[in-house]
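What follows is a short report on a single structure.
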């Protein structure tokens, strides 16, 4: 496994690999790897000749009041995990390498962002789309792997790739959960012990909503009230949003039908957690 | 020579060529080819295994009051010229193929655009950067060729490629001129006969400015007055701008030094012409 820190060297390596006909699987991350990431890496490993993992905490996608500086980092641990998973290259640039000067261009996202996480994080998805565009040009993947946990991110990336005709395939991978159902996340380490126990309420609320749908409920508002009540009574977390949209268009629905997403964000003391469920309703 | 109209087929062809180790030279155009374009194609032909010419009049880079519908088009003539120059592929998509739905993302240019043509064409360079990003993903060139006539466009494209790390080289090619000095352009056909004779005044003004600099002039304002006077007294054209900046940063200068651009835009009855001179001042 090679650790590469410069854009030029990464591009040179990839061009060499591609000239030999190798397929490239790419897993872009902000590091502090957990099993969710490892699932993406495993799938990339199965489906490609070469696997590239990027580890870069992208300042562009954090708002001024957000957790860029406290976002957890542990490169040596990440490196060991990547080695175990037979990653071929870790791309681990500095902020200076990625943004050497004030950029003259950026990629902006003008749809699918005014709901869910996008609503409370203005500019976040512009930062994501810009860094992902850069990384796609640096790693030139055949396939790029994203977790469905950030379902809005998947919807945005699919729009980016399709609208700008990036020559690659976006692979969306199912959410990986802790034993109790909590979706895995780098940010879970910032939960207080008591909050960690309560945090399963996100998953349980989604399951409760699914049960209601299975029993015939088709009114999104009833489900939203149900989930809000469950979260309020079972945790100290504050609901940031509990929303239901068509997927991947992320448009509001009067009545549940077709492919939908039920999505939650809940704020705890030092961390905000998200979870979602994508369902196909007949 | 193959004419390709779909994105999918173009990407498939290019991937095949690249898998055989071929280099790709790309000349993006809006068609109605003139010798300026042919110069780009000839240089691409010399430097690459495969040459791709795109012909696409991009609605995104025209303002609501601009000449999208009257922009000259003659595909059969372009095809014949491309064949003469041994182009391998013409990529000639419809607007519907390039923009099948309202795009969810776009590329915006936040520097180098508030001067020269950008100033009077808000959003123009966003449209250019967006379509060029798409074309780069479709054609995946090793080298992309642009004429220095659109010097601001070259500056913007160089920023785009550098900031988003496109894995390709931008090649900027010198302006090609008619015998009397008028810079070649598809739009020259829209000059009235009398205006065609006068239009050489753009080139002559730039030469006059250069002569003054050679004689020691270092004050940009004196040169701007000189050029404005020359154009007013020798043509019916109206000066849209006569400006001098550092190049490629396109920042104002108090005193001429280093690499500079002297740039002109002049409006005639049915057409607006541009020309420029890039100089290195000791």
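For all residues, glycine too, the Cβ spot is worked out from N, Cα and C.
Annotated features in TrEMBL:
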BINDING   B:30-37, B:147-150, B:176, B:184-187  ATP binding site
ACT_SITE  B:37  active site, proton donor
BINDING   B:61  beta-alanine binding site
BINDING   B:61, B:153  (R)-pantoate binding site
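Of B:30, B:37, B:61, B:176, B:186, all annotated as recorded positions, the residue with the shortest Cα distance to residue B:153 ((R)-pantoate binding site) is B:61.
Long-range Cβ neighbours of residue B:36 (ATP binding site) (same chain, at least 6 residues apart, Cβ-Cβ under 8 Å): B:147, B:149, B:175, B:176, B:183, B:184, B:185.
With respect to their backbone Cα atoms, residue B:33 (ATP binding site) and residue B:61 (beta-alanine binding site) stand 19 Å from each other. By neighbour count, meaning other C-beta atoms within 10 Å, the densest spot among the binding-site residues B:30, B:33, B:176 is B:33. Other C-beta atoms found within 10 angstroms of the C-beta of residue B:153 ((R)-pantoate binding site) number 23, with every protein chain shown included. In the set B:30, B:37, B:148, B:186, none of the recorded positions has a C-alpha within 10 Å of the C-alpha of the residue listed as 'beta-alanine binding site'. In the shown protein chains, 18 other C-beta atoms lie within 10 A of the C-beta of residue B:148 (ATP binding site).
For residue B:186 (ATP binding site), the Cβ neighbour count at a 10 Å cut-off comes to 20, with all displayed protein chains included.
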